[in-house]
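As structure tokens, the structure follows; a few thoughts come after it.
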Amino acid sequence: MPDSKYTMQGYNLVKLLKRLEEATARLEDVTIYQEGYIQNKLEASKNNKPSDSGADANTTNEPSAENAPEVEQDPKCITAFQSYIGENIDPLVELSGKIDTVVLDALQLLKGGFQSQLTFLRAAVRSRKPDYSSQTFADSLRPINENIIKLGQLKESNRQSKYFAYLSALSEGAPLFSWVAVDTPVSMVTDFKDAAQFWTNRILKEYRESDPNAVEWVKKFLASFDNLKAYIKEYHTTGVSWKKDGMDFADAMAQSTKNTGATSSPSPASATAAPAPPPPPPAPPASVFEISNDTPATSSDANKGGIGAVFAELNQGENITKGLKKVDKSQQTHKNPELRQSSTVSSTGSKSGPPPRPKKPSTLKTKRPPRKELVGNKWFIENYENETESLVIDANKDESIFIGKCSQVLVQIKGKVNAISLSETESCSVVLDSSISGMDVIKSNKFGIQVNHSLPQISIDKSDGGNIYLSKESLNTEIYTSCSTAINVNLPIGEDDDYVEFPIPEQMKHSFADGKFKSAVFEHAG
């Protein structure tokens, strides 16, 4: 029998036994080291004292690659959402920095909302579906809601900014984060895209010629809605994909939040030393009013100053005038013309007119509660002010809608309705699908109308500053105006269906001829 039968791949049994003994010795050394390490940790936790040896501390604090727990791989729906953020939101952030810092701040808040939603989805795919009305589920959405609220506050604090249309578009589209709480998320994303598109049209109108970044920004922003719909259709068609046999949602959310924080924090190897503590705060400023409750204010206290000195002088009565210095005649300007010529004070003085009549404070006006109610076949939307979210109405063709006494409100009307009225509003916008009879605008300032499908006519009376956006289906809309100014109509007849603005004429020419008055639009030649 050949000798090779007693060997294993070129090694004899003696060598294999020696290697086995060496491996066993190493394992024993590792076991002894681990036992000593655990014992030192227990003693250190009891005594609450740091380790004496800095080298040992650095050695023990370094994580071992062999003992590190295996990180669970994210499912495909999570990696796809990460790719969505990187391909859609990150380019928007970079482009917003080229436009203005306030737009960049708004995009950072929007990105923060998507990052919080990523943490939520990581927990959802590993847990059972919770009760949507539970406090745990509400707490999980709180970081997302905080970003939406901050975005609305940023918009309100920059109403005078020239980039207010950007902030409004982001604020109107931000509530799309709520798709995780509904069973039909795709249609919700579409609704908020339509609400945001009202403001993106204004961006294109104002900056199409002056800022090429604005056109690119609008394209990327609207594309982010479409790409989000594609992602939801593929992974969450009927709502968030939960795991039937998964862990409890609260535990999964805590684990997902912890992992997110660990990922964002610097690694121990890169941080060689803890940063120095912040400097102590400066000493508080001295108090303006120095009041002593122990002793009353005396003349010595009056010399020291403070509120005690003020009360001491007031309590003197008529003696307070004894401290005034007598002015000599040579120092009186009304008796010395030379002083009047050299004085910087005007000799005639400034004759101010009567004070302006104070206006009635707005707080004294009766403020009625907001009303959104269907009475019979008529919707009433009244007394809404500064609404951060759009008011959505699902109406039928036999119903009419009345919007009155509202300020800074966006109303979105879905479906075909009978008639729409906009009365006594300020900075209100209406986005509608179709209307059978038309729309009336009465005593409204700075209004906006966007028609998605068809509208036979628009009647405008005693209104100023209106912008109307018509669709291709509504190019035949008839517009009647009376006692109105600054009305502009935007039609999608440009290249790539871009909107072209047409101002409504305001000046009329009236002439008498052949026994009749003839009226025509007055045009300025040249």
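Cβ from N, Cα, C; glycine included.
Feature annotation from Swiss-Prot across Ser161, Ser429, Ser454 places phosphoserine at Ser454. Using DSSP to sort the residues of the compositional bias 'Basic and acidic residues' (326-338) gives these counts of helix, strand and coil: 5 helix, 0 strand, 8 coil. Counting residues of the domain 'C-CAP/cofactor C-like' (369-504) by DSSP class, helix then strand then coil, yields 6 helix, 87 strand, 43 coil.
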